[in-house]
Amino acid sequence: MEKRFVYADHSATTPISKPVLNAMLPYLTEGYGNPSSIYSKGREAKKALESAREQVAEALHAKPSEIYFTSCGTESDNWAIKGAAAAGARKGKRHLITTNFEHHAVLHTMQMLEKEGFEVTYLPVDSQGLITAAQVREAIRPDTALVSIMYANNEIGTILPIPEIGAVCREARVPFHTDAVQAVGQVAIDVGVQQIDMLSLSGHKLNAPKGVGVLYLRSGLAIDTFMHGGAQERGRRAGTENLASIMGLAAAITIASFQIEERAARRTAMRDRLIDGILAQIPRCRLNGSREHRLPGSLNISFEGIEGESLLLLLDMKGICASSGSACTSGSLDPSHVLLAIGLPHEIAHGSLRLSLGDENTMEDVEYILEILPPIIERLRSMSPVWEKLMAEQRAQSVG
Ligand SMILES: *Cc1c(COP(=O)(O)O)cnc(C)c1O
């Protein structure tokens, strides 16, 4: 096969789609009015903003008054968690519950709150990258201010039992926040049916631009304000609205929710072909996380005896963009906390590959990856002292 360019890192970010760009362009040019201004250019901007809010609300089955635009998924997570923690603390509630494999936007916020005197329970995920609603029920205490559990994991792609957790929290009257940044656009979400009180999402994970997000905040739930300033977002999130990006986000979420089943089916077919093809062709590798409870577009596989960073570089030379569980985003060489949380030993966690598919990917892309990957793994293993040792052990075993 000829060299191709294959972008298979949609969990990191996605390209802006054509219809999304078209929805944005008028607001980058003549539609520059400030939605807070009273002349017609301002009022037009305000009208557009409110129509975007309606679109997002519709996609989540929420009310427009429950949708707040933010600057990103990270801000939405920070607001939900710090806001609920502060509101809880005033009632003497200083206990928070989350999992040990959240995105750092949640984990580092929790750690910061621990320093401020909150107590945090980090529920351990099992080897499949899942937790149960029963674990949440057992962890809830009279002083629990918030449960924050991600909808789907960004590294291994597992989907958690959100409706069941929502029911447990509702029954215990504890606010429930979910970081749904990976799920929105891939999984049908109904915040009412699923009993979600707060939900974070981000534009750039669903073919909208970077730097725009949403916090859904159920009406009646009181949390503290995070961004102080002007009266935007009904006085609860200050800052002049990023209207062009908001219009892009609204278009993206509407497109995604109209076609959710078709898109999911397409991605699932490509994902399953990749999983089956890799497991069949490459010895001593394993799929990380539950096969069944999995985002349509995501997979994460560990290969014994290789190093993730070198794998990514060799894939890049063949035009393939992917990511590694051992990605040292922070510059540290520690393997991913997610892979350690599901019980992978350090040396195996280091040799992990995440492939995440999106709308532009095709079966040809998948076949290309399946052609390119096995020889790269073989080459890396042929140079790896760790692999050499594994093979020696294997030979000793078969002789003995
Ligand atoms: C990407 C991501 C975030 C952060 O969103 P930004 O808009 O990049 O700040 C938070 N949580 C999860 C699960 C993510 O995948």
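Residue numbering: from 1, along the chain as shown.
Quick reminder: no glycine exception, Cβ is built from N, Cα and C everywhere.
So that you can see what the record holds, here are the features copied from TrEMBL:
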type     : residues                                     : note
DOMAIN   : 6-368                                        : domain 'Aminotransferase class V'
BINDING  : G73, T74, N154, Q182, S202, G203, H204, T240 : pyridoxal 5'-phosphate binding site
MOD_RES  : K205                                         : N6-(pyridoxal phosphate)lysine
BINDING  : C328                                         : [2Fe-2S] cluster binding site
ACT_SITE : C328                                         : active site, cysteine persulfide intermediate
Please go through the binding-site residues G73, Q182, G203, T240 one by one and keep those whose C-beta falls under 6 A from any atom of ligand 1; give the result in sequence order.
G73, Q182
How many Å separate the Cα atoms of Q182 (pyridoxal 5'-phosphate binding site) and the residue listed as 'N6-(pyridoxal phosphate)lysine'?
7
Among the recorded positions H204, K205, point out the residue whose Cβ has the most other Cβ atoms within 10 Å, with all shown protein chains included in the count.
K205
What does DSSP assign S202 (pyridoxal 5'-phosphate binding site), in three states?
strand
Assigned conformation of G73 (pyridoxal 5'-phosphate binding site) - DSSP reduced to three states:
helix
Cβ distance under 8 Å to T74 (pyridoxal 5'-phosphate binding site), same chain, sequence separation 6 or more: which residues?
A105, S202, G213
List the residues of the same chain that sit at least 6 positions away from N154 (pyridoxal 5'-phosphate binding site) in sequence and have their Cβ under 8 Å from its Cβ, in sequence order, or write 'none'.
S11, H103, V181, Q182, V338
What same-chain residues, at least 6 away in sequence, bring their CB to under 8 Å of the CB of G203 (pyridoxal 5'-phosphate binding site)?
C72, P209, K210, G211, V212, G213, S245, G248, L249, A252
Pyridoxal 5'-phosphate binding residues G73, T74, N154, Q182, S202, G203, H204, T240: largest Cα-Cα distance, in Å and rounded to whole number:
30
Which one is it: of the binding-site residues Q182, S202, T240, which Cβ has the fewest other Cβ atoms within 10 Å in this structure?
T240
